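Asker: Sequence annotations record features per position, and here Swiss-Prot assigns topological domain 'Cytoplasmic' to 1-75, 225-264, 320-336, 391-436, 487-500, 553-779 based on sequence analysis. Look at Swiss-Prot and you will find 76-96, 155-175, 178-198, 204-224, 265-285, 297-319, 337-357, 370-390, 437-457, 466-486, 501-523, 530-552 tagged as transmembrane segment, backed by sequence analysis. Taken from Swiss-Prot, the feature topological domain 'Lumenal' covers 97-154, 199-203, 286-296, 358-369, 458-465, 524-529, and the record attributes it to sequence analysis. Residues annotated as site 'Mediates proton transfer from the protein to the inner aqueous phase' in Swiss-Prot: Glu287. The annotation domain 'CBS 1' is assigned in Swiss-Prot to 591-659. Annotation comment: Swiss-Prot describes 688-744 as domain 'CBS 2'.
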Amino acid sequence: MPTTYVPINQPIGDGEDVIDTNRFTNIPETQNFDQFVTIDKIAEENRPLSVDSDREFLNSKYRHYREVIWDRAKTFITLSSTAIVIGCIAGFLQVFTETLVNWKTGHCQRNWLLNKSFCCNGVVNEVTSTSNLLLKRQEFECEAQGLWIAWKGHVSPFIIFMLLSVLFALISTLLVKYVAPMATGSGISEIKVWVSGFEYNKEFLGFLTLVIKSVALPLAISSGLSVGKEGPSVHYATCCGYLLTKWLLRDTLTYSSQYEYITAASGAGVAVAFGAPIGGVLFGLEEIASANRFNSSTLWKSYYVALVAITTLKYIDPFRNGRVILFNVTYDRDWKVQEIPIFIALGIFGGLYGKYISKWNINFIHFRKMYLSSWPVQEVLFLATLTALISYFNEFLKLDMTESMGILFHECVKNDNTSTFSHRLCQLDENTHAFEFLKIFTSLCFATVIRALLVVVSYGARVPAGIFVPSMAVGATFGRAVSLLVERFISGPSVITPGAYAFLGAAATLSGITNLTLTVVVIMFELTGAFMYIIPLMIVVAITRIILSTSGISGGIADQMIMVNGFPYLEDEQDEEEEETLEKYTAEQLMSSKLITINETIYLSELESLLYDSASEYSVHGFPITKDEDKFEKEKRCIGYVLKRHLASKIMMQSVNSTKAQTTLVYFNKSNEELGHRENCIGFKDIMNESPISVKKAVPVTLLFRMFKELGCKTIIVEESGILKGLVTAKDILRFKRIKYREVHGAKFTYNEALDRRCWSVIHFIIKRFTTNRNGNVI
């Protein structure tokens, strides 16, 4: 929403050489600033005590003991409730997703509603004649024993696969479009912005969004679209944290405490999605809270929520194997120093993947906004049909991505040369015919290229969509293809561990698309338990990060989406060239000198009128408080600053009718205690910030930026010799910073408009051919 200054007839100060940042509101880098409310972290810290003090005083006699007990237990009750709900939703998502995916290939003989894991839970191993916990790659025994019925025939399985894929995608996109539009996409970018101090639309973390995201996400994944659940898991987990804290801590919730709960919940979302609790905690530190100080309190809350959430998930046991990890992989053959060049090559691939896939995805998002925004449902149906049609004939694309990676990560032969896996990938040796080798190698390469392209066009469609697992799937097929070449032409069989190459490739692409390092390393270890490959993994991730850094990419896909969508976000410090440019400008040039001010003494009726008039006309969000004796002066002295939301809350607490409001005086410089029992007088001193952050006119913009980032304030007063000159807001300085970047370096993202028009012409021609008859009428 607009900044806190508005034009009035009598501006304060001369306003010479002021840069009007509002004229740049419509540039892409700032297009959605008005959808966010800047949070004044300093002012928010005092809100609960000041606004609720009267109510607390009146009720303290009756609620004292209950409140003491609640005060001691509320943190753990809130954290535990949040974690348990997140764990339950994660268990539901896993079971529901697997059920829908399995329906595309068969059904349970005794109960159609059971997925393959539950249906085959009691399968008897023909070798040991014992009932084992089902392992992903032992499911063929379930079919052999008649517990699971696969679709038979040559055409029927294909038709069922296609129909269910399109149906699942259709239901998912309809739910998002017509019921909860905020449930679309990943949600990580918006959460990062929210945590950094810019509050988004309340519906984004609302109950309806939580429900639809939890239902539409498994439908989208089951449709076969190249989307993952990890990003949306962060979103639904954050919804849980937000809703439960608002409900349980509504009387004492401040921004800083809410930030801690939201960060902890987001980390738990990653923890339950990957089965990686420590990785989830690190994700909250490295990704979500990167623009904020991650203190020990936040770290502890993140740890506790991840612990309880993952314990809840283990109790539910959605995989029916007693574990919470996606892949049960063990590598007992150590790596060799001679393999380091190959590890470096995998890291280079991960860096290039992150660079180009994010770039192409951003270009396609621009194309979608320009030409496809009116047909979101049709776009999803087309993508689902295309994906299913291509994937059906390739094993590594047809399978669910996590199941496919389970195959690719698996170790074929142990150190004693005994086979642990019967997949055809493990039947290749020096005696394998070249045609068979090329068939599997080509299948892996095809899956790599097609999956990467599908990620480009699928991420951002009108369904819940993550990009972590699809990127890992691309890296896994590439890494396994590389291992085939190494075994065939360099090392020979039984020397390297092919599954480890898939594992390292997945880590490379995950790091490439997210630009995360420590988080990726820990998540990959928790996913697989492959601790023997810690050094190769660190090499791969380091090389990936080096490639991204040398390419000028400083953030992952979430950070780039923030810029693409024009969200406000206080980025890390600017480079030297940008800092030198900003040093030339001062607060005087950036500030707004046209303000609405409030005198320290004012009638309640005037205050109400000013409050609601500003709401309708200007959407002002704060007011400087000035001395009474300066009421008719051009130069005013500022004694404080009050947020509009605090002012509205305080006025609502007053039991004053409209007639009495005309004679009731409000004192911003006195409290009710100071006024005593004076009739028709109210003290508002408790909601006024008596020491707002202020600077001189000559302060450089670079210093202002650091103040906003480190202090977390919403506005900074510009004064000179005690005289109020203007205001600078966080959005002002962000607009200015991005404007100057655009002037010096050009647009952050450039698009080939001519190519977009040609592509749209082709698409439009095809659509027209299939939707009109010979007479030109729509079919």
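Cβ coordinates come from backbone N, Cα and C, glycine included.
Source: prediction; values computed, not measured.
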Asker: Any chance the transmembrane segment (501-523) and the transmembrane segment (437-457) are in contact, meaning at least three CB pairs closer than 8 A with a sequence separation of 6+?
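Answerer: Per Cβ check, the transmembrane segment (501-523) does not touch the transmembrane segment (437-457).
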Asker: Would you mind checking how many other C-beta atoms are within 10 angstroms of the C-beta on Glu287 (site 'Mediates proton transfer from the protein to the inner aqueous phase')?
Answerer: 23
Asker: Suppose I define contact as three or more CB-CB distances under 8 A, residues 6 or more apart in sequence; do the transmembrane segment (265-285) and the transmembrane segment (437-457) meet it?
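Answerer: Judged by the Cβ rule, the two regions do not touch, with the required three close pairs absent.
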Asker: Treating G and I as helix alongside H, and B as strand alongside E, what does DSSP give for the topological domain 'Cytoplasmic' (320-336) in helix, strand and coil?
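Answerer: Taking the topological domain 'Cytoplasmic' (320-336) as a whole: 0 helix, 0 strand, 17 coil.
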Asker: Does the transmembrane segment (204-224) reach the transmembrane segment (155-175) with at least 3 CB pairs under 8 A, where each pair is 6 or more residues apart?
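Answerer: Result for the transmembrane segment (204-224) with the transmembrane segment (155-175) is yes.
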Asker: Sequence-remote contacts (6 or more beyond its ends) of the topological domain 'Cytoplasmic' (225-264), Cβ cut-off under 8 Å?
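Answerer: Tertiary neighbours of the topological domain 'Cytoplasmic' (225-264) are 39, 41, 44-45, 47-48, 52, 74, 77-79, 81-82, 85-86, 89-90, 93, 97, 169, 183, 185-188, 191, 194-195, 197, 205-207, 209-210, 213-214, 217-218, 270, 272-274, 283-284, 288-289, 292, 294, 297-298, 301-302, 304-306, 309, 380, 383-384, 387, 401, 451, 454-455, 458-459, 461, 463-470, 473.
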Asker: Given a Cβ distance threshold of under 8 angstroms, which distant residues of the chain, six or more beyond its ends, lie next to the topological domain 'Cytoplasmic' (320-336)?
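Answerer: Same-chain contacts beyond the ends: 117-118, 121, 133-136, 272, 274-276, 310, 313-314, 402, 405-406, 409-411, 414-415, 495-497, 499-500, 503, 526-530, 532-533, 535-536.
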Asker: For the topological domain 'Cytoplasmic' (487-500), how many residues does DSSP put in helix, in strand and in coil?
Answerer: 8 helix, 0 strand, 6 coil
Asker: Near the topological domain 'Lumenal' (524-529), which residues from the same chain, at least 6 beyond its ends, have a CB less than 8 A from one of its CBs?
Answerer: 274-279, 325-330, 409, 503, 506-507, 510, 537
Asker: By a Cβ-Cβ criterion of under 8 Å, what residues six or more beyond either terminus of the topological domain 'Lumenal' (199-203) are in contact with it?
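Answerer: For the topological domain 'Lumenal' (199-203), the nonlocal Cβ contacts are 35-39, 180, 182, 190, 193, 209.
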